[in-house]
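A.B. asks: Below: one structure in structure tokens.
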Amino acid sequence: MPPGRPEVYQERFDIVQPHCSSEHTISLNTDFSKAAFGSATGLVAKAASQTTTAIWNLHADAHDFSNSSYLSKQVFAANLAHIGVAFIWLSGMHFHGAYFSNYLDWLQDPSIAPTAQQVSNIANQSVLNPIRVTSGFFNLWLAEGITSTYQLKVIAAFGLIASALCFLGSYFHMHSSTSFTRVLNTKLTSLSTHHLVGLLGLGSLAWAGHLIHISLPVNILMNAGVAVPSPHSLLSSKAVATIVEQLSFSALTSSDGYVWQPLVYSAMHHFALALVLIVGSVLGPLSTASNPLMSFTVGSSWHLVLGVQLFVTGTASVLYAQMSNAYPVYPYLLTDHPTVVSLFVHHMWIGGFFLVGAFAHLSIGLVRDTLPQSFSVVLTQRDIILGHLTWVVAFLGVHSFGLYVHNDTMQALGRPDDMFSDNAISLLPVFARWSTLTLNSTGSAVSVLGVELSTADFMVTHIHAFTIHTTVLILVKGFLYARSSRLVNDKYKLDFRYPCDGPGRGGTCQISPWDHVFLGLFWMYNSISVVIFHFFWEYQSNLASIKASAGGSIRALASDFELNSINTNGWLRNFLWSGAAQVIQSYGSPLAAYGLTFPASHFVWALSLMFLFSGRGYWQELIESVLWAHHKLYVVPHIQPRALSITSGRAVGFTHYLLGGIGSTWSFFLARIVATAG
């Protein structure tokens, strides 16, 4: 085994094929004792430094940390550097909000659109003015109690100071040779406790205190039309008591959908969460001694712990995406429909990537770190687990798409009464009667809270179940078979990723844990795309179906989603084709930026197909031809190009595929919602 790596216990899951005798068995040389993981050595390093292979090694070996005492220093330094970059980004957002946005105007009249970044009219760029802000920062700033640009500037300055401190700390932890850093950060369990207590626990407590003493009084005063004093004057409990006694919290429960009472519940939630994290991490189930994650060698594996944390964070991101519309916390968010859509879509994508990353790092941990014997119980039952999951996927796929096939057939035959719909064969979800659509109107602004479930929701929800279970099947299979399989029983010796060797060794293509992550990313893209398509179509069609009655109240008629999403043609015609009208026809209008992003993202997506549909031979021929032409012209590059490997080609392919798809969807959604409900 490589130096510094723990011995891997003997695999007890190797399955020997009975028809393979020892004399016909191919001997595989998987001894990596002379190689150093994470860096090439000897002639390989010398050759790679003069070729483009060195660039790919930087990406491919990004997670190849050695199990030395410097591991914690590397991880901690990278963590601080990442936080420093985040502080710079936050500082920039507050700086531009202070100097180049209409935040103060928005505070006076929250019904106007939040905008920023006035574009200079050099070559008719003023057509883009004003650039719409859909990040939700205006709502967040008001929830924080920020009422002036001076406060934004102060926060921007402190953000730069915090980023500088993080970068200095990163440099210190990475390059300091003192034993202080090594002793402080060697224990992974102590670092996890630090995150629970210091960051999450105390951070939640500080945020709860800020909400109670600053944010809630400021929002009460603003909603009551009273001049807001300096935040420093609100720090005393007497001032807060006076405000609450005179104005009460009823000012935060107005029915216009602007300022919602959940801001009060948010303070309670973070206070309770702080108590659970601080007390529980020391005495309770979150402590090192009783934490099931730390009870075996998971606690000594950075990758396994990171996988669990990514899984929890990704799940929390998906849950917040649902709450951004179902139970919004921030003031005036319900009437800012483009921001609601952006928050939902953004957090769904973040959750999807984090969940796939969780399985990737869990697989790396299983391959490279010592496994406890207790976990072998799960690995010995993996065939049964995957067998059941496969049948679930097959059942969901056949029946969920069968509903749409039935409706397509009945529509083609001219038999609408035999279709699954609210007006014919109704398939309402079980809890549909408890899910209601709440509509409120103040002036020209309309707020939408919740959703009414229909047969269309029942059908598309089963598509969600199918795509999500398929993604889980792929990722769980790659995770459980990361160490060994029927075909290759020594995967743990080959590491997390290894090249496709073709049929020579019995076929080792698409069986490494990396290949499962690669395939899982595409199915994650499918899953999230169907979810955000469902949400966006139903959300914007509910807005379009709202009609005002003679008495001033509002009601919702049958929406386009309910009527047309029950068959395949409706998704293609009413959603994609008709819904793309705004982004396609946006040239010469303030939506032109989305119109430019839309075809550009399509190009990036289409470029990915060149990498995904090609093999290594194509790139080898291409590079050889390019090199031949350079040598004929006596223009020889100093860094010699090398053909893309299969792994590298797939990495380039799925990166462009996902970025292009996300950019296309984002521009399509925003152009539509800004034009129709912005």
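Glycine residues also receive a Cβ, built from the backbone N, Cα and C atoms like all the rest.
So Swiss-Prot says this about it:
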{"type": "BINDING", "residues": "Cys500, Cys509", "note": "[4Fe-4S] cluster binding site"}
{"type": "BINDING", "residues": "His602", "note": "chlorophyll a' binding site"}
{"type": "BINDING", "residues": "Met610, Tyr618", "note": "chlorophyll a binding site"}
{"type": "BINDING", "residues": "Trp619", "note": "phylloquinone binding site"}
{"type": "TRANSMEM", "residues": "75-98", "note": "transmembrane segment"}
{"type": "TRANSMEM", "residues": "152-175", "note": "transmembrane segment"}
{"type": "TRANSMEM", "residues": "192-216", "note": "transmembrane segment"}
{"type": "TRANSMEM", "residues": "266-284", "note": "transmembrane segment"}
{"type": "TRANSMEM", "residues": "302-325", "note": "transmembrane segment"}
{"type": "TRANSMEM", "residues": "341-367", "note": "transmembrane segment"}
{"type": "TRANSMEM", "residues": "384-406", "note": "transmembrane segment"}
{"type": "TRANSMEM", "residues": "458-476", "note": "transmembrane segment"}
{"type": "TRANSMEM", "residues": "516-537", "note": "transmembrane segment"}
{"type": "TRANSMEM", "residues": "591-613", "note": "transmembrane segment"}
{"type": "TRANSMEM", "residues": "651-671", "note": "transmembrane segment"}
A.B. asks: Within a 10 Å radius of its Cβ, which of these binding-site residues (Cys500, Met610) has the fewest neighbouring Cβ atoms?
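C.D. replies: With the binding-site residues Cys500, Met610, fewest surrounding Cβ atoms within 10 Å: Met610.
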A.B. asks: Using Cβ atoms and a strict cutoff of less than 8 Å, what residues sit near the transmembrane segment (341-367) while being 6 or more residues removed from its termini?
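C.D. replies: For the transmembrane segment (341-367), the far contacts come to 63, 134-136, 298, 301-304, 306-311, 313-318, 320-322, 324-325, 471, 475-476, 478-479, 482-483, 491-492, 495-496, 513-514, 516-517, 520-521, 524-525, 527-528, 531-532, 535-536, 539-540, 662, 665-666, 669-670, 673.
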A.B. asks: Taking each of the binding-site residues Tyr618, Trp619 in turn and counting other Cβ atoms within 10 Å of its Cβ, which one has the fewest?
C.D. replies: Tyr618
A.B. asks: Tell me, by DSSP, whether Cys500 ([4Fe-4S] cluster binding site) is helix, strand or coil?
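C.D. replies: SS state of Cys500 ([4Fe-4S] cluster binding site) = coil.
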A.B. asks: Please tell me which one of the binding-site residues listed here (Cys509, His602, Trp619) sits closest to Met610 (chlorophyll a binding site), measuring Cα to Cα?
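C.D. replies: Closest by Cα: Trp619.
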A.B. asks: CB neighbours of Cys509 ([4Fe-4S] cluster binding site) within 10 A?
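C.D. replies: So the number of other Cβ atoms within 10 Å of Cys509 ([4Fe-4S] cluster binding site) is 12.
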A.B. asks: From the Cα of His602 (chlorophyll a' binding site) across to the Cα of Cys509 ([4Fe-4S] cluster binding site), what is the distance in angstrom?
C.D. replies: 29
A.B. asks: Enter the number of other CB atoms within 10 angstroms of the CB of His602 (chlorophyll a' binding site).
C.D. replies: 15
A.B. asks: Among 152-175, 192-216, 384-406, 591-613, which stretch has the highest count of C-beta pairs below 8 Å with the transmembrane segment (75-98)?
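C.D. replies: Of the candidates 152-175, 192-216, 384-406, 591-613, 152-175 scores highest.
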A.B. asks: In the same chain, which residue numbers or ranges, 6 or more beyond the ends of the transmembrane segment (384-406), come under 8 angstroms Cβ to Cβ?
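C.D. replies: Tertiary neighbours of the transmembrane segment (384-406) are 378, 419-420, 427, 459, 462-463, 465-466, 469-470, 472-473, 476-477, 480, 566-568.
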A.B. asks: Between His602 (chlorophyll a' binding site) and the residue listed as 'phylloquinone binding site', what C-alpha distance do you get in Å?
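C.D. replies: Here the two Cα atoms lie 23 Å apart.
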A.B. asks: Please report the distance from the Cα of the residue listed as 'phylloquinone binding site' to the Cα of Cys500 ([4Fe-4S] cluster binding site), rounded to the nearest angstrom.
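C.D. replies: Approximately 15 Å lies between the Cα of the residue listed as 'phylloquinone binding site' and that of Cys500 ([4Fe-4S] cluster binding site).
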A.B. asks: Cα distance, Tyr618 (chlorophyll a binding site) to Cys500 ([4Fe-4S] cluster binding site), nearest Å?
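C.D. replies: Their Cα atoms are separated by 15 Å.
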